[in-house]
Every structure is written in C-alpha cells, then in structure tokens.
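K.L.:
In case it's useful when we look at the structure, here is the feature table from TrEMBL:
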- B:52-359: domain 'AB hydrolase-1' (DOMAIN)
- B:Ser157: active site, nucleophile (ACT_SITE)
- B:Arg227, B:Asp356: substrate binding site (BINDING)
- B:Asp322: active site (ACT_SITE)
- B:Arg324: site 'Important for acyl-CoA specificity' (SITE)
- B:His355: active site (ACT_SITE)
Amino acid sequence: MRPDLEIIQQWVEPGHHVLDLGCGDGTLLDFLQRERGASGFGLEINPDHITTCMGRGVSVIEQNLDTQGLDNFDDGMFDVVLMTQALQAVRRPDKVIEEMLRVGREGIVTFPNFAHWRLRWGLALSGRMPESNALPYKWYNTPNIRLCTFKDFEALCRQKGIRIKSRRVVDGQHQNSWLARLWPNLLGEIAIYRITRENP
Amino acid sequence: MPDSLPSDSVGLVSPQTIHFNAPIDLACGQSLENYDLVVETYGTLNADASNAILICHALSGHHHAAGYHSMEERKPGWWDSCIGPGKPIDTNRFFVVSLNNLGGCHGSTGPGSVNPSTGKLYGPDFPVITVADWVKSQARLADHLGIQQWAAVVGGSLGGMQALQWSLDFPERVRHAVVIASTPRLSAQNIAFNEVARQAITSDREFHEGRYYEHDVLPRRGLMLARMVGHITYLSDASMGEKFGRELREEAYKFGFDAEFQVESYLRYQGERFSESFDANTYLLMTRALDYFDPAYEHGGDLSKALAPAQCEYLVLSFSTDWRFSPERSEEMVNAMISARKKVSYAEIDAPWGHDAFLIPTPRYTDIFTAYMDRVAREVGA
C-alpha cells in the first residue's frame, strides 16, 4: 500500500462514512471498507478507474467536481472527506475545501509542494517550469492547474477559519524524514493535512 | 436465421408457462383470480439458489430475452447482447429468469386472455396494472422457482423501474438492483407522448372501445401511429440524422405526401411491423403503468424517504443522448439514494443512440456492466 494511504487509514475509524474526491481506482476506499469497516463513496471522472471501482465493490459516482461540485451531498453526512493528490487539479480549490468541510466533519487533503527545493532550484537555474516525480507534466498539458506551497495552503486555512488538526510532510517516496520535519516548505514534497471546522 | 448458433449464445431456448392459482390483489382495487406467466430461463440455479438474476422488460418487451427459439428465428432475444456465456450477465455463472409481465401480449395473462368470470376475452376489462403489481407477481414467480433472494434484479427503461420497485417492496429479496436508462417518475413531456400514442390507438375506427377481438379486426393504424411516435423518442436527433439524414427514397421531390424521405418509410415500416405483432390494449396498459410509476408520491414527493426500506446495492447507468429518460433523471435517482445513505454506483455512458442505447453493446457500457456483474457473481459464489 502507498505510504500516504498508510498514514491516512490511521485517521479513519471503524464505521466511518467516507467520501473520497477523485478516488482513482478505489484502492484506498477498498482498503478502508475491508480493513477499517468504513463505508462511503468515491467520486471519479476517469472511465477506466470507474469500471475498476465497480468491479471491486467500491461505490463510485461519475461526477466532476469542477462542474457539479458537491451540491448533491447533504451537510455533515460524512465523517471524513478525502482528497488525495487532486486539490491542485480542480478549478477552485478554495471552494472545494469549503465544500469538503460542509459535507464532512473532517477533511484529509494531500498535495504536492511547489516550494520543494528541487522545484525552486530547477526554476532558478533553468528558467523553465519545473518537473518532478510528483509533477511529471509539461506546463501546457498538466492537469495540475492550481499548484501551491504548504505555506499557501496554511494561509488559506487561516483565512477561512479552518483548523489544521495535524500535518505530515513526506518526501517523494512518502518517507517522513527529520529534515522534512525541520524545513517542511523547503524539503517536503507531499503534505498530508487533516483539517476541520470543529473546535478541539 | 443463424446457420450455426454463436458460441456466446445461450442457444436454443423454449418458453414455459407457469400457472398461478392464488388470486392476486392489484393496486387498482381489482384482483385476478388466477393467471399465467410465460417465462424463459438461461443457465443453472446453484444449490443454495443464490445465483439468480431477474430480467425485467420494457414497454414492448417480453420473456424472450436471449437465445433462439428455433434455427429459423431471424433474430435472437431482445437483450441477447448482454445475456449469454461470457457476456455481462454470464449464463455460465448466473441463473437468469426472464418473463412476460401481466397484461402483456406474449402469452402471460393479459387483455387477450379469457376472463374466467365471463368466458370472453378481457379486452378493455383487463385491470390497469402498475409496476408494483408486476413486482408482486414476479415475487410469486421467485417463490415458485425456489428463489428467496435475487443476486440482482436488472432492467432498462420501464424494466429499471421494476428493479427499483423490487428494492422498495421486497428489500430483503434483492442483493443488487441494476437500473439502466430509467427514471424515478415520468415527466409531463413523457406522459404527453404516451397520451398521443393512446389517442392514436383509441381514435382508430377499428378499436371498438377495446373490443376489437369481438369484431374480428385490429386497430392497426392506431397502433402503428403509437409506435411511430414512441420510436422517435427512443432515438436521438443525431442518430436519426446519421442513419437517414434528409435522404430521399427517389431522386427528386414528388410534391405529394407519400413517404418520400427515408426516415418516413423507416418509421412507417417499424410501425406496421409492430402493429402486426403487438396488442393495442396491452400498449395502453404499459403506457399507463409508466405514467403511474412514482414511488416518491406516497412520501410527499421525497424519493429519499421512499428509498428508506431498501437494503440492496444499486448500479444506475444513463446514456448521454437519451432525451426520453435523460442522465439528469438518473442523477435525481442517484442523489436520492446518496441522501438515503444507500450504496450506489453511477455512470453516464457516452453513446449516440438515445434511449435505445441500453440495448446496444458499446465498449464502456459492456465493460462497466461486466465488471459490476462479475463482482455480484463473486459475492454470491457463482
């Protein structure tokens, strides 16, 4: 199992009702259903992923976040709303985060850090848009249209009154190194945030 | 006529008639003292009777869903593309049951059957049947076959409505409900089209208030018109355009009102053929069953409340160019299922053929249907 999913599953409790935005082939939801006794839905737009989900017994809805939002989900109907590596690909990440915390008590968000030293270094040296393992596209064909840094994301949360319950910063191999803990915005490649509007 | 049967066909099949002696009370307040259902089955029921699939037919459908009745039969059953060895509903794994519904005209008790209380054909006296009535009669069929729970109830269009109704009326008897190209209720426009079809039939001089059998005539003209208008709603503008465009049967306009455009002669042909094989009273009944279907009605229009008793998992599929029961209607159903906290999967399949797309195997449709049914089979150990 992918190490980031390993971290996420620890935050989902048995019986939790979960919504996974951009659920891919349903690996995470399948694991949460079987191993953690969770229930829930995935939203996806990739036809092959949707078929795979259906074949493995993951409830999946073909729904585009950009055009359809989450209007069809009731307030607070989920315990956890997940979004792994998809925040940077939606048109309005700020709206999506608000919607996540409308339909769910807690959100778990992961995204690539655009302030990672290798990206900074690449841009500084070559003057070209950086590419990396986490961001393997060209500037003109990338689905990642809303890249941000950890600092950007945390500023957005502050501005919206969203509380960050915890944050794990990992490198490209999803290892949690002490260096990344020390200088996350420089040395962390991917962050896993646990956010809520509820008070501690 | 096939020279030899295709390897992915269920092969030669024959229908059987099952007689039910216990009276059945209908939603309209009347009851039928006894009735027949004509049934076809494909595949083998396993020891614990867990691998049974019920196929529910649409407006003009019947029990003959797959395979051939004889080597002389021109075409296989109406859903042969999806039922057979290695097909989405794999008859190597599932026991498939397909019936002609009550009120039908393919052998099950309907307007063309003898009314035991008068000794004459029912004709217009046959009670108006609802989707819930059909489900009730299908449950008795399940009892008869020794099936306590369906692995899945599957249907397209009006058939999808029956699958949905099953999940509400007999929640513990349905593991999965597959609802394809359907809707939780007809729109005013849908009812309007049905009304035009009914008016076409009832205004035919040969209709005789539905007692045409007694006059030894058939309201062919009316039934043909009904089918023509219905057929338009099954296709998309694009698919009609691609198939016929503005193509003429001959080179130039004739400045008259005969069928000059190809689309005109196609519709006339379809209508005529249908009018020779279908019963007008059955057509009236089927369209009314469509009109009345609205499980949310008893719950103040709240479909998610109506869904409360359901225990099954749902697969809902819609087709992009279906304007009869558009993707929005399926999404309405899916959203109510989400709200009612039911398990549901949904996909909108890109297909150019309008409502008819549910009968046509396109790669994505087949992939999804196969993946889902494969998982159902694994779940029930089939």
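For all residues, glycine too, the Cβ spot is worked out from N, Cα and C.
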K.L.:
Which residues of the same chain, at least 6 positions away in sequence, have a Cβ lying under 8 Å from the Cβ of B:Asp356 (substrate binding site)?
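P.N.:
Non-local contacts for B:Asp356 (substrate binding site): B:Tyr234, B:Leu235, B:Ser239.
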K.L.:
Filter the recorded positions B:Arg227, B:Asp322, B:His355 down to the ones within 10 angstroms of B:Ser157 (active site, nucleophile), Cα to Cα, kept in sequence order.
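P.N.:
Checking Cα-Cα distances against B:Ser157 (active site, nucleophile), the recorded positions within 10 Å turn out to be B:His355.
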K.L.:
Roughly where does the domain 'AB hydrolase-1' (B:52-359) sit in mean pLDDT, to the nearest integer?
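P.N.:
Average per-residue pLDDT within the domain 'AB hydrolase-1' (B:52-359): 97.
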K.L.:
When a 10 Å sphere is centred on the Cβ of B:Asp322 (active site), how many other Cβ atoms does it contain?
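P.N.:
Taking every protein chain into account, the count is 28.
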K.L.:
Does B:Arg227 (substrate binding site) have same-chain partners at least 6 apart in sequence with Cβ under 8 Å from its own Cβ, and which are they?
P.N.:
B:Ser60, B:Ala197, B:Gln270, B:Gly271, B:Phe274, B:Ser275, B:Phe278
K.L.:
What does DSSP call B:Arg324 (site 'Important for acyl-CoA specificity') in the simple three-state scheme?
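P.N.:
Its secondary structure by DSSP: coil.
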K.L.:
Enumerate same-chain residues with a sequence separation of six or more from B:His355 (active site) and a Cβ-Cβ distance below 8 A; give 'none' if the list is empty.
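P.N.:
In sequence order, B:Ser157, B:Ala181, B:Thr233, B:Tyr234, B:Leu235, B:Phe319, B:Asp322, B:Trp323, B:Arg324, B:Phe325 meet the Cβ cut-off.
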